[in-house]
Amino acid sequence: MYQVGINHEEDSMEHPPSLAAGGGQESIDTVRKDRKSGQTPQATRKSKLLSKFPLVNISRNLVLAYQSLGVVYGDLSTSPLYVYRSIFDGKLQDYQTPEALFGAFSLIFWTITLIPLLKYVFIVLSADDNGEGGSFALYSLLCRHAKFSLLPNQQAADEELSSYRYGYSGQSTSCIQLKRFLEKHKKSRTVLLVIVLLGACMVIGDGVLTPAMSVISSMSGIKAAAEHLTHDGVVFLSCIILVGLFALQHVGTHKVGFLFAPIVLIWLISIMIIGLYNTIIWNPKIVSALSPYYIVKFLKETGKDGWISLGGVLLSVAGTEAMYADLGHFSAFSMRITFAFVVYPCLVIQYMGQASFLSKNIDSIPNSFYSSIPDRVYWPVFVIATLAAIVGSQSIITATFSIVKQCNSLGCFPRVKIVHTSKHKGQIYVPEINWILMILTLVVAIGFQDTTLIGNAYGLACTTVMFITTFLTTLVIIFVWQRSIVFAASFLLFFWFIEGLYLSSAVIKAPQGGWVSLLLSFILLAIMLVWHYGTRKKYKYDLHNKVPLKWLLGLAPSLGIVRVPGIGLIYSELVTGIPPIFSHFVTNLPAFHNVVVFVCVKFVPVPYVSSDERFLIGRIGPRPYRMYRCIVRYGYKDAQQDGGNFEDLVVQSLAEFIQMEAVEPQLSSSESPSLDGRMAVISTSLQTNSPLIISDEDFETCSTIQSSKSVTLQSLRSSYDDGNPENRKRRVGFNLPENSGMDPDVRDELLDLVQAKEAGVAYITGHSYVKARRSSSCWKKLVIDVAYSFLRKNCRGPAVALNIPHISLIEVGMIYYV
């Protein structure tokens, strides 16, 4: 790896103009080449919507429904372990009466019915972004139907993606003023982004609190057999289980789901049978508590103390948000049938049975769940409860991975390693986040030890996420579903009234443990905002310091320097223009490759980009310059890069663009060399109708064209590959067909491309240092020079994130004064 150091201070960037909705970029004309069946984008979208209909693939949905038990509903199904104990903790101990238990059960029943069943299953799960869920999915969906986004690198060409216009089309007439207000005022769009990030942070905070809460609660039942075991011993055993749980995450959601799903299914059936048994044996009159009359009676008798106890009732629906955040791992239909026909009836019957037992055994409230288990099945249920608690932690951990991936893809989280653990696009594993979560969870478990305190923090985080999801879903109802503002306002006010009661109760308990979720969320929010701010400042610097095309044209085809054999891939965040890194490089090292490709890897606010739409290819300058632009587009749940054949895909796409340009004059920029931005959509799959002959090489170059590498370089590369077998990947050889009918200029350009590929590919990236200008405020210097600099130094580098081979990497050092 070679590194060229350059110190370049910004001269005229005192007041850079803000990015417009199009990212401040020039318009880009695109030409789509349909390589499959000539299907229009509208037909493609229609087929994708039809494929989402559950009857199309019922067997797959049933398999996903089974898996979702082990991944999504573990947390929700283990709440009976601690709900009644949490409700009657504190001042409500003075109201431990059968009537109060009837009221508590009624509250639990209607909470489960209104929030998870009505709100999430029937409404929120429908607000998916091409099958993806979570707060960022809602945000990206909104940004595609209105100009709300603050994220850079947007293009008009992105709107042509088949997955971009997902949902209802057209403009809403009833909300046009609200839409214009949000689009016009940058502060309102900034507030919207902060709200979305806060919701994401709360979900990540849940990933810390849920495992500690669930495992410690389940392990408390062991005291019945080992009376000499202290609470510290229970916490120690819980920590061992937590370490094992996080160590298991690397196997992936697919395997974890199949491993844990039987446990949750057995658990749900067990607690349903126990609940039904207790209802019949102890107090069948508990069925009357299904009436909301008992809620009014409960709150009237308990007053303020009953209102504060709503934080305990909220724990009965803790984990509901994971159902939406994990949507990308499964499907909405599979989650609906699992919750409506399995999880919901089992939980209702269990809570009913537990209340029936406690109404006749008031003294058992501190250990409500385990006391209600018949002695003959106590130990089998204890084992299942412990295993189910482990599974319960899995759902929020999986949701955390999904949220981090979305934030990272949309430029709001430092670069981390994303491991796709299954062919299903949404199933991922993030090693760094996994181990950070484990450490924080152990700190919470050891530091608090009391599940009541952890539950207070847990409840506050859950309620905040639900509150934010209701607000974002309301915006989706208005701007995406095109419903009336009256309907959207009714939805908002109804659920905000319910969730507001729970949120106010949870906020009261902030000094008793709730501060933990607030602290974690604000730290994460600060990290996200700093990273987003620094990334935007860096992008604006590149945008306003682009190299003028006139400068390039003045160099002539040789660029005024030595053109060496090979292909140079110059990575930049710019989608138009020539990045400053190019002029810096040629100024300090006056030699460059015969073929130059400016590569921009960008994430589009859609969940995925199909391979047929991934590459945008264009030309920079006249044909003799052999300079091109390649924009590689990914969705926020796509696996980045295309294995080890990225170089081959680039060459293949360039060859197809060269051929297309010869027959489609609107792509050609040779007659108008000042035009930069004429681009074509090229499929990334290697097709048989390519202008080049493609052949597998089995690690050896089989092309008839003589390689331009020196013998020394070839021997060095061979030695490197022999010493690093993991780097020896499948190679593809390109040859020109014997086609006398091909245009001579096209053939010469293709020949240069093939020869350059055989000579080798170099990856040129910027090794940037972002610093605040001397005239900047102290606050900006603190954010850029300290916080953002620290994050950049401690996250994965761009070369690692882009899977660039180390031996072919050239880094150009730059200092950005922003």
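Indices start at 1 and increase along the chain as displayed.
A Cβ is built for glycine as well, from the same backbone N, Cα and C atoms used for every other residue.
Given the structure is predicted, the values throughout are model-derived calculations rather than measurements.
What TrEMBL records for 1-45 is region 'Disordered'. Under the heading domain 'K+ potassium transporter integral membrane', TrEMBL lists 64-552. According to TrEMBL, the transmembrane segment annotation covers 100-122, 190-213, 233-251, 258-282, 306-325, 337-357, 377-404, 433-451, 457-480, 487-508, 514-531, 551-571. Among the features that TrEMBL reports, domain 'K+ potassium transporter C-terminal' is placed at 565-816.
Long-range contacts of the transmembrane segment (233-251) within its own chain (CB-CB distance under 8 A, at least 6 residues past either end) are made by residues 211-212, 215-216, 219-220, 222-223, 386, 390, 393-394, 397, 419, 421, 429, 431, 434-435, 437-438, 441-442, 445-446, 449. Counting Cβ pairs closer than 8 Å and at least 6 residues apart in sequence, the transmembrane segment (306-325) and the transmembrane segment (377-404) reach three or more and so form a contact.
Relative to the transmembrane segment (190-213), the listed stretch 514-531 leads the set 100-122, 377-404, 433-451, 487-508, 514-531 in CB pairs under 8 A. Within its own chain, the transmembrane segment (514-531) has Cβ neighbours under 8 Å at 194, 197-198, 200-202, 204-206, 208-209, 407, 411-414, 440, 444, 448, 454, 456-461, 464, 506-507, 783, 787-788, 791, counting only residues six or more beyond its boundaries. With respect to Cβ pairs under 8 Å, the transmembrane segment (433-451) is most closely packed against 377-404, considering the stretches 100-122, 258-282, 377-404, 457-480, 487-508.
Long-range contacts of the transmembrane segment (487-508) within the same chain, counting only residues at least 6 positions beyond its ends with a Cβ under 8 Å from a Cβ of the stretch, are 111, 114-115, 119, 123, 307-311, 313-314, 456, 459-460, 463-464, 466-467, 470-471, 473-475, 477-478, 514. When Cβ-Cβ distances below 8 Å are used as the criterion, the transmembrane segment (258-282) is approached by residues 66-71, 73-74, 77-78, 80, 342-343, 345-347, 349-354, 356-357, 359-361, 372-374, 377, 380-381, 384-385, 387-388, 390-391, 394 of the same chain, each at least six residues removed from its ends. Listed as Cβ neighbours of the transmembrane segment (377-404) (distance under 8 Å, sequence separation of 6 or more from its ends, same chain) are residues 70-78, 81, 133-136, 200, 203-204, 206-207, 210-211, 214-215, 217-219, 221-222, 224-225, 241-242, 245-246, 249, 253, 256, 260, 263-264, 266-267, 270, 274, 319, 321-322, 325-326, 328-329, 369-370, 413, 416, 426, 428-430, 433-434, 437, 637. Note on the domain 'K+ potassium transporter C-terminal' (565-816): mean pLDDT across this stretch is 75.
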